[in-house]
Amino acid sequence: MATRIGILTAGGDCPGLNATIRGVAKAMYQKMDDVEIVGIVDGFKGLIEGEYHEMKQSDFSGILTRGGTILGTARTPYKSMKIVENDVDKVARMKGNYKKMKLDCLMTLGGNGTHKTANLLSEEGLNVIGLPKTIDNDIWGTDVTFGFHTAVGLGTEVVDRIHTTASSHKRVMVIEIMGNKVGWLTLYTGVAGGADVVLIPEIPYDIKKVVKAVERRAAGGHGFSIVCVAEGAFDVEEARLKKKERSERRAAAGETTASARIVRQIEETSGFETRMVVPGHFIRGGAPSAYDRVLASQFGVYAADLVSRGIFGVTVAMQNNVVTHNLLSDVAGKTKFIPTDDQMIFTARRLGISFGD
Ligand code: F6P
């Protein structure tokens, strides 16, 4: 009897999804005589709606370098999974389609939300294996996720290019980097790009200290500053508010993003000419870096191995340079924030980077 694997990619796309799918498929075909792989379209949406297709070995060729996902993806929030809408019981549908596809295992490539739904399905009795993707690098229990290092590279390219305008015009340039909950991407990009200020959700900033850092640079003969801001950054006053209140307050001030607020605050307080750059999805797109191709291949091969070992209800992880796995139930619902005593925070501080604290 053939071993049948279903694969889906869920949540935001990210570099390395296809490289991971390829790693799984190549290793499965190598290891087992009789393998059938089913591609599920647009993540859990396809699993709910029964949209899938049988894949051929040739479908996995030429995708190592391709960005995005050959399977398509969609955001289907975990919160909505248990809600019956228009008579559709999503969990029952997903279980039904898993059975209909005659799967021995479902592989879910995704971030935190995906891991919650993967765990839910595992608790419902399906054989599930997770694979950790996200440019945010915020999945608990793994040192790194695929997509992160590619995004750091692209973010750094943005900072490098902005540097030339900043120095020529003697401006403060505020660059907003994706990461709605955590600051890993902003921190690594800031260090790699030689930023002067890095603002992340883990360390609420004091605008007076941000301005001081910019003024210190000016006093030291540098007429410009680079400020890297995580999408989810907030100041000490906002830190006292709930997320919803924060958004309402910003909307009322006509500043829906963290960087818009910071640009105004810097200009008002210091008088320095300040500009904002939001590369947004640019740093989530395109081909994976060599590092991410290797990582995705390692993760994919390891996941295929888990199938042959009969290990399910887990997600693949990297810990101290060793590929391993964690229980889905341990990972689901947790977020890997940057610890404030993280070595990279220490490194950044020693390099003279201000966190506005
Ligand atoms: O979760 C990854 C992420 O890139 C976040 O950093 C960002 O806030 C979000 O995706 C944006 O998602 P969307 O593409 O749905 O706007």
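Heads up, the Cβ atoms here are built off N, Cα and C, so glycines get one too.
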Residue among Gly12, Gly16, Gly23 sharing the ATP site, where TrEMBL lists Arg75, Thr76, Gly111, Asn112, Gly113, Thr114 as binders: Gly12
Site-mate of Thr134, Ile135, Asp136, Arg171, Arg275, His281, Phe282, Ile283, Arg284 for substrate in TrEMBL, selected among Glu85, Glu215, Glu231, Glu237: Glu231
Where the C-beta lies under 6 angstroms from ligand 1, the matching binding-site residues among Gly12, Thr76, Asn112: Gly12
Rounded inter-Cα distance in Å - Thr114 (ATP binding site), Thr134 (substrate binding site): 11
The one of Arg75, His281 whose CB sees the fewest other CB atoms within 10 Å, among these binding-site residues: His281
Cα-proximity to Gly12 (ATP binding site), 10 Å cut-off, over binding-site residues Thr134, Glu231, Ile283: Thr134
Maximum Cα-Cα separation (Å), residues Gly12, Arg75, Thr76, Gly111, Asn112, Gly113, Thr114 listed as binding ATP: 12
Winner by Cβ contact number (other Cβ atoms within 10 Å) across the recorded positions Asp136, Glu231: Asp136
Spatial separation of Asp136 (active site, proton acceptor) from His281 (substrate binding site) - C-alpha basis, Å: 12
